[in-house]
Ligand SMILES: Cc1cn([C@H]2C[C@H](O)[C@@H](COP(=O)(O)OP(=O)(O)O[C@H]3O[C@H](C)C(=O)[C@H](O)[C@H]3O)O2)c(=O)[nH]c1=O
């Protein structure tokens, strides 16, 4: 497993060791000890999520506020997504900045999105299957949404096509009006 801290260092790209033989491949998609050794984080994951998206679907930018903030460990089992994390911790030197990584079934890459970040992805292939672990349970009352194309954030999505959004996501707030985290 390899860990790479991105331009916002709290967001980490992880790449598992892939073992191939004449039958196919095997890799440990999650290992608590390795995760702790590579990230220095001691997180317990309590929920696994699985979504399937048509090409052009954009889910996000979502987050849960305290008392139910969620760290997410995201990977792709089929197809490809552009996965984005936005720092929404007021007081952070990278507040309002974003990082994005291409995650795919082929590259096996994963993204650790910490609590305090909004998360979203654009499905780049038909039927993109995204699996992710979360560090707290789903809490709709704590959930918030920031609009995907907020000019203040300026995410450069890898498609000029208008994405397919849920009604909820289409009504996402701009960062300037959103409830955000306060960096301790
Ligand atoms: C997130 C979640 C949703 N649901 C129910 C609520 C709705 O009836 C249905 C679809 O929910 P939603 O439209 O919020 O799903 P996504 O748009 O994929 O939301 C997720 O997408 C972005 C990328 C995220 O980072 C979050 O994990 C999450 O917000 O599943 C549950 O029952 N449990 C859950 O944990």
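Backbone N, Cα and C atoms are what each Cβ position is placed from, and that goes for glycine too.
Quick look at what TrEMBL lists:
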type     : residues : note
ACT_SITE : 62       : active site, proton acceptor
ACT_SITE : 132      : active site, proton donor
Report summary line: If you rank the active-site residues 62, 132 by how many other Cβ atoms lie within 10 Å of their Cβ, the lowest count goes to 62
Report task. State the Cα to Cα distance, in Å, between residue 62 (active site, proton acceptor) and residue 132 (active site, proton donor), rounded to an integer. Result -> 14
Query raised in the report: Three-state secondary structure of residue 62 (active site, proton acceptor) from DSSP?
Result: strand
